[in-house]
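*Asks:* Here's a structure for you.
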Amino acid sequence: MNILHKITIFIFIYFSSTNAFPNFFPNVSSIPPSFLPNTTAGAWDSFNKLSGCRPGQNVTGISKLKNYFHYFGYITNTTGNFTDDFDDDLESAVKNYQRNFNLNATGELDESTVQQILKPRCGVADIVNGTSTMNSGKSSSMIKHTVAHYSFFPGRPRWPARQSDLTYAFEPRNQLSDDVKRVFASAFSRWSEWTPLTFTETSNYFAADLKIGFYSGDHGDGEAFDGVLGTLAHAFAPPAGLLHLDIAETWITGNVIASGSPSAMDLESVAVHEIGHVLGLGHSSVEDAIMFPTIPSGVRKVELDRDDIEGIQVLYGTNPDNNSTTGPSFGGREISGVTRGSSLLFHILFLGVGLTLFML
Ligand SMILES: [Zn+2]
Ligand SMILES: [Zn+2]
């Protein structure tokens, strides 16, 4: 592929996303009333009516749920369109999902399972090739009677030791305010506190190690966003360095509270989670962990859990300036369906074009 071809594709991707301006609000009460009616229908609300469904039934909407489980890695053997039959594949998917999310593995769509499925979440898959990775049940060698659930991407990619001072930049078209940038700076500090890594903002988007952007719908990497709620964000394993957030969400940059908009999402909470991915962590089944896949609206969760710290320190070691760190040396299991073929191709292409443009 010649440079002209690369640049043509890059320009297509660059201009294919029309809405480049996310909605940020310092708190829920600052959201204008005219905005709220647009934010009450979540992408997965239709799953509510599947509560009580059991294997063997045929119910309208099951096919959409199968797409959901396929997207997150729970159904792999797809040959085309899904039917509305509650078949063996779906039962197996539901059981694996229930295990990963610490629910009773009944294989039925009981109310607690459906309510978990409905929660907004990260778009990164939980499973690859039928191997569950979130709830791996590893025994921690450091703490008795606790279990580590952190996970890594297949092959355990990480940023090389010579690259421990990482730069990050924001998608220029988003025109993010200093307030929003401060949220990300705070999110990065949660990880640098426990590792030798440092994070510095740069204005050179193409040269930055980590590229952060808000996008709408299909934005060129094969992982389309789905509007309000549903998937909130996704990120890619090292060394891709791409961290994408759904432009359609109601992002709160200040104090998120549990009343008001039913779709208000705390930006820093989601940012801390996605930074975990760009550093090499997969999902965890520890509900208090930052790397747990779901987060309800109106909730703020920004502190790293012990599980997150143990996982990231397996990859990078401890922060030499932080006396409270310990150095667990036990390993985690590898995941996950994150590196889908089409996405990988896009990111290789994207990085290639970015590098080319940077060097021109
Ligand atoms: Zn995630
Ligand atoms: Zn993306």
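Using N, Cα and C of the backbone, Cβ positions are placed for all residues, glycine too.
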*Asks:* Where TrEMBL shows His219, Asp221, His244 binding Zn(2+) 1, which of His234, His273 is named for the same site?
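*Replies:* The candidate from His234, His273 that TrEMBL ties to Zn(2+) 1 along with His219, Asp221, His244 is His234.
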*Asks:* According to TrEMBL, motif 'Cysteine switch' applies to one of these ranges: 36-63, 120-147. Which one is it?
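*Replies:* Range annotated as motif 'Cysteine switch' by TrEMBL: 120-147.
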*Asks:* Name them in sequence order: residues not among Cys122, His273, His277, His283, Met291 whose Cβ is within 8 Å of the mean position of the Cβ atoms defining the Zn(2+) 2 site.
*Replies:* Val124, Ala235, Glu274, Gly276, Leu281, Gly282, Ser284, Ile290, Phe292, Pro293
*Asks:* Using CB under 6 Å from any atom of ligand 2, narrow the binding-site residues Cys122, Asp221, Asp226, His244, Glu249, His273 to the ones that qualify.
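*Replies:* Only Asp221, His244 meet the Cβ criterion.
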*Asks:* Please list, in sequence order, every residue of the chain apart from Asp226, Gly227, Asp246, Glu249 whose Cβ lies within 8 Å of the Cβ centroid of the Ca(2+) 3 site.
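*Replies:* So the extra residues in range turn out to be Ala43, Phe225, Val228, Leu229, Gly230, Thr231, Leu232, Ile247, Ala248.
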*Asks:* Cβ under 6 Å from ligand 1: which of the binding-site residues Cys122, Asp209, His219, Asp221 qualify?
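*Replies:* Going through Cys122, Asp209, His219, Asp221 in sequence order, those close to ligand 1 turn out to be Cys122.
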*Asks:* Provide the three-state secondary structure of Cys122 (Zn(2+) 2 binding site) computed with DSSP.
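*Replies:* It is in a strand.
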*Asks:* Using C-alpha atoms only, work out the spacing between Gly227 (Ca(2+) 3 binding site) and His219 (Zn(2+) 1 binding site) and round it to an integer in Å.
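*Replies:* Their Cα atoms are separated by 12 Å.
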